[in-house]
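Heads up: the structure comes next, in structure tokens.
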Amino acid sequence: MTETRLRSRKSPYPLWFFLPAAAVYGVLFVVPTVSSLWFSLTRWDLSSAEFIGLENFRQFFSEPFLVKGLVNTLIYALTTSGLKTICGLLLAVLLTGNIFARGFLRTLVFFPVLVSTIGIGITFTVMMHPTKGIINAMLETLAIPGPGWLTNPALALFSVALVDLWKGVGLATLIFIAGLAAISPDYYEAARIDGATRFQQFWRITLPLVRPATITVITLSLIGGLRSFDLIWAMTRGGPGFSSDVIASVIYKQYQAGFYGLSTAGNVILFALIAIIILPLTVWLNRREVEQ
Amino acid sequence: MRRMRPFTSGAIALAVATVIFVLPFVFIALQAVKSKSEASRLDFTLPQQWLFWDNLAAVFQARDYQLVLAYFNSTLITVVSVTILILLSAMVGYVMQRRKTRWNAVASGALFMGLMMPPAVVPTIGLLQEIGLFKTITGMILIQVAYNLSFSILLYRAFISTIPRDLDEAALIDGAKPWQIFFRVILPLLKPVTVTNIVVQSIAIFNDFTNPLYYLPGKENVTVQLTLYNFQSMYTSQYNLLFMNILLVTVPPLIVFIFFNRQIVAGMTAGAVKG
């Protein structure tokens, strides 16, 4: 009855409440995103755009260093996302267990999430210096020859990925802690009575029941990894050579060089990449959850 | 034996975590108080002279007090954009949660897109130039609002579902106009999630580097993160000053963290898991 009375009058929930947000979001996010589809097909100097069809995309895929950026983006996203998921889950299990200094440890692991990425990037660049850096100095005392973390082209991208893990694992841990807290202790008690080992408890109870949190962590860190720019830019500028370039740094370099059409094409490729990876993944992960 | 295990494993974890998570911060603090020549060795020794105040003064005075300007700009951008964000996203979250219309599907789609898609930077620069907001603080503020709306709305929408509709109806019967229901009744009740939102968004916006790099070039518009970035290339021979700058940039989030630890944690997990 209340429902019909409310509906016959004017709704107390005014639709104009959407308007201010929609205006800002529409003008500054949606319009550029949609128009990027057009500008990626042009030779563009910000004042005039000349239609050149798929030329920008042809150029993007025929330049080895640009394709390298695409491959690196995938490697970087998969590495950081995989490591964050595994390390985050293990840390969360450790930090929900009955251990000494638990609160302090949680704080410690989470704090880097809040710190300036540029500051972290510079700090680790210095610590990873091949001869003067403290990381190699510490390895030397253990008689291990330290590599050129950021100067070796085969290693640079992974070194940045490790720092990304260091900075971001706290958020993954936090999400897993929230997920673990939702699991009823009854399951573990029943398992213990049945004589399950700790490993069996983890494998048969924790892992399946923490699934929603796992999905969140994987999705978030994949999106973050595919889009990542600031840490890579602060640590290597895409170098040495183009060995740690990702799409986002390619977009910035092409923009700096004045190739606006090519830069925008890079953006469209990044949209496509994210859509191709994240949309099916979300659908697939959520469907399997429903089946259970 | 068994009773010892939690302590032993905890002690090992504590030691490892300390090495991995604390050492970098100790390193930052150590370099920041050293002299120029000592800091250039980049090692892990205590300084012979503690030059905290000297280095602090030198960093602030560098390039005509640029850091002071940067702190002013960053604070202005953060405070104004977070204020606008809170207001707009609470309004959207409220109507989205309460009124089911076909606009909801549109709004949800836009929300999802905003969480997932990176912004198209060069077209945005073109557009900002067109409307005269490129290289302006106002433009930067509006960009921060646009880019962070989705996450903020998500937090509000989840929280508003816990507020009973009876309150809206009671206010309506008492003769409140629709906007009064929101501003007088609902908005005050949103305080917990608003605090979370303020904390999470201010840290994100204060720490943002990429967007000021693109949309706010120029000396007079410099932000804290950009100063640090410029310092990196200009002062590679003065690591003590570089690290003093890093220390200064790390302090504001540290203070926020100490005061709002619980809210940050609650907000991050609520937004992430429910989204």
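Heads up, the Cβ atoms here are built off N, Cα and C, so glycines get one too.
Annotated features in TrEMBL:
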DOMAIN    A:70-281  domain 'ABC transmembrane type-1'
TRANSMEM  A:15-39  transmembrane segment
TRANSMEM  A:74-96  transmembrane segment
TRANSMEM  A:108-128  transmembrane segment
TRANSMEM  A:165-188  transmembrane segment
TRANSMEM  A:209-229  transmembrane segment
TRANSMEM  A:268-286  transmembrane segment
Could you tell me whether the transmembrane segment (A:74-96) and the transmembrane segment (A:209-229) are in contact, taking contact to mean 3+ Cβ pairs under 8 Å with a sequence separation of 6 or more? yes
Among A:15-39, A:74-96, A:108-128, A:268-286, point out the range having the most Cβ pairs under 8 angstroms from the transmembrane segment (A:165-188). A:74-96
Go through the chain and flag residues at least 6 beyond the ends of the transmembrane segment (A:74-96) whose CB is under 8 A from any CB in it; none is fine as an answer. 102, 105-106, 109, 157-158, 160-162, 164-165, 168-169, 171-177, 179-181, 202, 206, 210, 214, 217-218, 221-222, 224-226, 228, 232, 246, 273, 277
